[in-house]
Amino acid sequence: MSDTTVTPTKTITVQGLLQSTGIGLALFLLIVFFSLSSEHFLTSGNISNILTQITINLILGVGMTFVILIGGIDLSVGSVLAFSSVVAGKVMTMTGLGDGTVIVFAVMAGLGTGMLCGLMNGAISAWWGLPSFIITLGMLNIARGGALHVAEARTIYSFPYAFEEFGSISFFGIPILFLLALLLVLLAWLILNFTVFGRMVYGIGNNEEAVRLAGHNVFRYKVGAFAICGTCAGLGALAYMARLNIASPIAGIAFELDAIAAVIIGGTSLAGGRGSVIGTLMGAFIIGVLANGLILMGLNDFMRQMITGLVIIVAVIVDYYRAKYANV
Amino acid sequence: MQSVTQLIPDLLCVSDLKKHFGGVKALDGVDLNVRQGEVHALVGENGAGKSTLIKVLTGIHMPTDGQISFAGKPFDAGSPHASKDVGIQVVHQEFNLLEHLSIAENISIEDLPTSRWGLLNRTEMRSRAVVAIAAVGLDGVNVNRPVSSLGIAHRQLIEIARSLQSDSKLLILDEPTATLTEREKVKLFKIIQNVKEQGVSVLFVSHHLDEVFQICDRVTVFRNGKTVITQDIDQTSPSEVVSHMVGRHVDHTDASAAQAVPFGPIALRTKELKTIANRSEQGVSIAVQSGEILGIAGLVGAGRTEFLRAIFAADKSNGGTVYIKEKQVKFRGPRDAIDAGIGFVTEDRKDEGLILQMPISMNISMVNLKKLFRTGLIRHFAEHHQAVKYGDNLQMKYGKTADAAASLSGGNQQKIVLAKWLASKPAVLLLDEPTRGVDVGAKFEIYGILRALAAEGVAMIVVSSELPELMTLSDRIAVMADHKISGVLTRSEYSEERILQLAYGQTVEQRVAQ
Amino acid sequence: MKFMKLAAVAATSLMVLTTSVSADEERPVVGLVMKSLANEFFQNMLVGAQAHAEKRGDYDLIAVGMQNETDFESQINAVNNFITQGVDAIVLAPADSRAMVRPLKRAMEAGITVINFDVALDTEAKEQQGVELAFVGPDNREGAKMAGDALAAALPSGAKVVIIEGNPGADNATQRRLGFEDSIAQAGLTLLDSRTAYWETEEANSVFANMLTANPDIQGVMAANDSMAIGVVQALSSAGRDDILVVGFDNVPAAAQLVKEGKLLATVDQFGTEMAANAIDMAIDVVQGAPELEGWVRTPIELVTQ
């Protein structure tokens, strides 16, 4: 399960192994360190907390992995999450329909909104060959404005009881929302390694022209990657709603940065073409464990922020050397 | 006359200069003497060693052996500053201009004038630039314009202006007319004349013999890293120069057990196909039969690569028709071309042919991936199996199919590219420089593979800059010059001399006729 | 103006919302500068002000909001525009209590009546610039103390509490923290930890869950706004803890609901909807000849409990 190169399962390379263990090792050391410095760290309650807290970032990170692998970036996921959440929230608080119907419609509306935003991101940047950085920056504003407009800048609450309950289910202390995110990771891993689509995602990230000349429709795959990223933002919105029982137009500010950080810490190259969702899973864990552990240690807010920033920089430096020695 | 020239010592003396890259002898003992105030032409086929010599003179490469003296003093080759300091200036084939900076800034970029406070002295910079570009006949052009706003010919002139403004003794022009129109050429030749009158020597490197005969005093011919001869222009003729470039005895090591099987029906035909780079009225019309290898010769810039890309619809074309099996087709992109049974081995392996970081097996399945896995789900074992099969067929040397393509040698990388196209079972294969960067052994293996494919009935169009390669492989050779077919030669007709004459265009023929 | 409105809404950066600006010379024109309209509190305030303008009908209102809480540059631009337009009064909720002093001084020098509401300008900065300007607004510190006192009353003496703070550096965040600390000191509670969750629900949910792990013996939580209080309540329900009491601030509808359900002990209403309207009333009075306001005109605050 743990390879971070483009190499498929059967052919785990030494480099791939080193890469994944590198990031896994960092996570392991972090866990050991926090376990020693706080008695509460390795309690089931706290583990459950960490899993809850990384869920949204993990979901966004999975989508972001696709976009970064094709050599793009999506800065809009935080805003798209807010937009999807208020659209879903509006549907979910509609009266006159049964709870079940409303929930199904709301889920579809949330995912649909996200996917639509992603489709727009991808179609515009791929069709005109524009940098996704700037297109998604535009979408960041559009989606945020849309969210505020739809919600009239108000928090939406009072969802059907069944939905609110669903968000708090857990199995042996493992929150159901995290399990769903894990399922998403698995699905993404299968797509990236065992489908033509996934192969093209890696191919485009490495050498778009070669893929085009091999007769593939680069446009379609690029749009696909962005659509997946947008859909993940919609899914993140539903997770947000299930966890907090509100939908907020100001939710998700700067979430895109955490998602990008998770992807990059996980060893995916910002230049595209190299990386995996397993890495993103690790990256999300590192960010979550760090945020949790530093609070348990009693570090103040500002120190905490500084250390988190430092870890991101160190992770990228490590990635630089890894890339340098891996691609000889 | 003779006695006068001997009084003035030669400005540049290169004797027995060698430059080896590993086992490749790019320069294998060349001699070159350039006199003060002369325009000296340096000609030779691709790979004859012209560029390598320029790189040694400008300090990009250290020579392996040999002596150079400049203006009577030993010349410290191999350091960029040394050559600038003694007064050697080069105008390269690739531009070294900074596109987003102004003309003035580009002119002075090597030595920016500063004021007392260390700030940029713009007034000085502008006045320098005005003088410099006036010298190349660009007076009246606003020096504050960014270079990116200029056409390609003007850029070339700016580049020349930059080289001229510093005190140069030797000006090296590497293919300076490649991008110029007729009018600008005239302008350039006037500039060269001026420079010469000021006592500056010019080394003029060109493919265009008509230009050489128009403005040069003497000509030196390189072949295979050696100097063949240096002659006064008025004592030679273009056809003599061509024969020196080619060499009297062309090796006829025909690996051609050619045409064991008769050719099949016409597999691909183009009618007046015009590439976007082609600004003339005429397009290219050729036909290739199943089992036939059609070679395309021509100079760099003759439009050969563009022609292949137009057939494959890798680029849009500017009119004309393509027929597959005599049926007209309209490709919207490479996908359509592939579906119609065309494969395209591109010139540039690293940027277009391979995904270097990806495993060999994934590279080989890149084209037929969708056919191989119609459900959209990839079975890695089947993919591995395919790679092994084609690897064996092409005698590819590799470790595991999961190794990155980048880990193989040039020849084996090229075999991956071939394998990926063969996996799509093409009826027509377009090949652009199929053995570039491939060592000699692998080269002949590739020739063998292509011959075998022909025997199986695959039609091929091969573009190559190596004439021996084309003559070995091809059943016919079409020669292109300036985006047009200037002649088609059958096997019995071709010689390097004939091909080069066609490649250099009509002018040579006319001169010969005179 | 209409075009500006469209453009501004499209850009979502600066929102200019107007009711009709008529050419009538007699009617005073009031420029209202608010903070982020993405914030429910200011959104309500805007709605309140617009309803008020319609109801009174004897003045013209030009309302301006911003993209985010700290975007004081847009506020400066808005004030400058109002000076150019020659409005009669500017009613402003400053995004930065220091940076806004100078542009307001210019407005006053231009003969415009200025009312500072919601957040007070910095006293020191006012003195430095030689500006005398009254403040119309709630006492955030007093309000926080009311919420804190409500929590203290429900807890035994010495009970352990934590504070969830607003944006570090925001004036109202500081005032509310001080108010919470006042009531902690007065009631003899024990403060275990105090952290910021940047006014945000999800952040508060995560931060508080982690604080709870570190200090399982927490008995009470003081959140500097309701959004964060909602996140805290949700964290408590996930942890299955119904023994911990929470107070919030702002009385947003979602929180009011929680108060009704008994999940939130108390919140504080500072009547945001009326706040701008009241400030506008005062501004018009001054424009029409009433004496200038002085010092701190406190607006009502009220504790909301079940």
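Glycine is no exception: its Cβ is also placed from the backbone N, Cα and C atoms.
Small disclaimer: the values here were computed from a predicted structure and weren't measured.
As recorded in TrEMBL:
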- A:12-36: transmembrane segment (TRANSMEM)
- A:57-82: transmembrane segment (TRANSMEM)
- A:102-120: transmembrane segment (TRANSMEM)
- A:127-151: transmembrane segment (TRANSMEM)
- A:171-197: transmembrane segment (TRANSMEM)
- A:218-240: transmembrane segment (TRANSMEM)
- A:246-265: transmembrane segment (TRANSMEM)
- A:277-296: transmembrane segment (TRANSMEM)
- A:302-321: transmembrane segment (TRANSMEM)
- Task: Run the contact check on the transmembrane segment (A:302-321) against the transmembrane segment (A:246-265): 3 or more C-beta pairs under 8 Å, excluding pairs closer than 6 in sequence.
- Result: yes
- Ranked first among A:57-82, A:127-151, A:171-197, A:246-265, A:277-296 for CB pairs under 8 angstroms with the transmembrane segment (A:102-120): A:57-82
- Task: Look at every Cβ pair spanning the transmembrane segment (A:127-151) and the transmembrane segment (A:246-265), keep those 6 or more apart in sequence, and say whether at least 3 of them are under 8 Å.
- Result: yes
- List, by number or range, the same-chain residues at least 6 past the transmembrane segment (A:57-82) whose CB is under 8 A from its CB atoms? 113-114, 117-118, 121, 125, 132-133, 136-137, 139-144, 147, 178, 181, 184-185, 188, 192, 201-202, 204-205, 208, 221-222, 225-226, 228-237, 239-240, 248-260, 262-264, 266, 268-277, 279-281, 283-284, 287-288
- Query: Relative to the transmembrane segment (A:277-296), which of A:171-197, A:218-240, A:246-265 accounts for the most Cβ pairs at distances under 8 Å?
  - Reply: A:246-265
- Same-chain residues at least 6 beyond the ends of the transmembrane segment (A:246-265) with CB under 8 Å of its CB atoms are 23, 56-58, 60-61, 63-65, 68, 73-83, 85-86, 88-90, 92, 140, 144, 147-148, 150-151, 153-157, 236-237, 240, 275, 279-280, 282-284, 286-287, 311-312, 315-316, 319
